[in-house]
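Q: One structure follows; several queries about it will come next.
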Amino acid sequence: MASPDWGYDDKNGPEQWSKLYPIANGNNQSPVDIKTSEAKHDTSLKPISVSYNPATAKEIINVGHSFHVNFEDNDNRSVLKGGPFSDSYRLFQFHFHWGSSNEYGSEHTVDGVKYSSELHIVHWNSAKYSSLAEAVSKADGLAVIGVLMKVGEANPKLQKVLDALHAIKTKGKRAPFTNFDPSTLLPSSLDFWTYSGSLTHPPLYESVTWIICKESISVSSEQLAQFRSLLSNVEGSNPVPIQRNNRPTQPLKGRTVRASF
C-alpha cells in the first residue's frame with residue numbers, strides 16, 4: 001500500500017495528496033475528530049471480541065513512512081468479531097502513527113484533544129473476500145481498531161516491538177517478529193466509537209469501519225523517540241528520520257459516529 005509519490009512533508013504531504021488521489025476530498029475520509037456530545041449511543045452494538053493467536057505473528061518491516069508488524073492471514077486463527085460487525089475480520093497487520101513532538105502524533109482526536117501517538121490494528125473481511133488485496137477497496141472490506149496513546153509512563157507491553165526496531169532501521173528492511181498477541185496492547189476497557197471511514201494514507205480507500213477505543217494507553221517520551229529514530233531512507237543514503245506520519249482530521253460530512261457506551 002506504499003508508493004514513493006506521497007509522504008508527510010510540505011511537498012508531498014497530506015495537503016497535496018488530492019492531486020494524485022482525488023478521493024482525499026471524499027465524503028468518508030479519516031481520521032476525524034470525535035465530538036463526544038454528538039456521538040450516538042447505539043444499543044445494537046455488541047462488545048468487541050478479539051481472538052489473536054500469537055503464532056500468526058510473522059515479521060516487522062520498515063515501509064519508509066512507518067513500520068508494519070505483519071501476520072499470517074491465510075486462515076481464521078486471529079480474528080475480530082462483534083461490535084458493529086456481522087462478519088468476522090481477519091488480523092493482517094498493526095502499525096503506529098506519531099508526530100514530530102509529543103503534543104500531537106495521533107490521527108483521530110477526541111473533542112479536539114490531540115494524543116501523542118495512535119496504534120492501528122488492521123483486519124480484512126475474510127467472510128466475504130479471499131484476500132486483503134481484494135478487500136482493501138471494498139466498502140465493507142476493512143476493520144481497523146484505533147487506540148490513542150497518551151504520553152506518560154513507559155508502556156512495557158510495547159517493549160518487544162521497540163526492541164525489534166534496531167533490525168529495521170532503514171526503508172525496506174524486514175526481520176522475523178514471532179509469538180506476539182497484539183491484544184496485549186489494547187486498553188482494559190473496550191468501550192468504543194465507530195464510524196465509516198478510510199485508510200489514512202494513500203490510496204485512501206473508503207473501505208474502513210473504524211473502532212476507536214474510548215480508553216487510551218500510555219507511551220513514554222523515550223518510547224516515542226524510538227519511533228522517530230527509524231529512517232525513511234534506504235541503507236547507504238543520507239539518514240532521514242521518520243519524524244511524523246499522521247494525517248490531520250478530515251470533515252465528517254454528515255457521517256454519524258456511534259458509541260457502544
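Cβ coordinates are placed from backbone N, Cα and C, and glycine is handled just like the others.
Per Swiss-Prot, the features are:
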- His65: active site, proton donor/acceptor (ACT_SITE)
- His95, His97, His120: Zn(2+) binding site (BINDING)
- Thr200, His201: substrate binding site (BINDING)
- 4-261: domain 'Alpha-carbonic anhydrase' (DOMAIN)
- Ala2: N-acetylalanine (MOD_RES)
- 238-261: region 'Disordered' (REGION)
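Quick one: where do these features end up spatially?
A: For His65 (active site, proton donor/acceptor), the count of additional Cβ atoms within 10 Å of its Cβ stands at 20 [all protein chains shown].
When secondary structure is read from DSSP and collapsed to three states, His95 (Zn(2+) binding site) falls in the strand class. Over all protein chains present, the Cβ of His95 (Zn(2+) binding site) has 19 other Cβ atoms lying within 10 Å.
Listed in sequence order, Ser30, Pro31, His97, Glu107, His120, Arg247 are the same-chain residues at least 6 apart in sequence whose CB falls under 8 Å from the CB of Thr200 (substrate binding site).
Distant neighbours of the region 'Disordered' (238-261): 8, 14, 27-36, 38-42, 45, 47-48, 64-66, 83-84, 97-100, 104-109, 118, 191-197, 200-201, 214, 227-232; these residues of the same chain sit at least 6 beyond its ends, with a Cβ under 8 Å from one of its Cβ atoms.
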Q: Just the number: how many Å between the Cα atoms of His65 (active site, proton donor/acceptor) and His201 (substrate binding site)?
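A: Their Cα atoms are separated by 10 Å.
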Q: Taking the Cβ of His120 (Zn(2+) binding site) as the centre, count every other Cβ atom within 10 Å, in any protein chain shown.
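A: Summing over all protein chains shown, His120 (Zn(2+) binding site) has 22 other Cβ atoms within 10 Å.
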Q: For the recorded Zn(2+) site, enumerate neighbouring residues of the same chain (Cβ within 8 Å of the Cβ centroid of His95, His97, His120, site residues themselves excluded), in sequence order.
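A: Going along the sequence, the neighbours appear as Ser66, Phe94, Phe96, Glu107, Glu118, Leu119, Thr200, Asn245.
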Q: Measuring Cα to Cα, how far is His95 (Zn(2+) binding site) from His201 (substrate binding site) in Å?
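A: One finds 13 Å between the Cα atoms of these residues.
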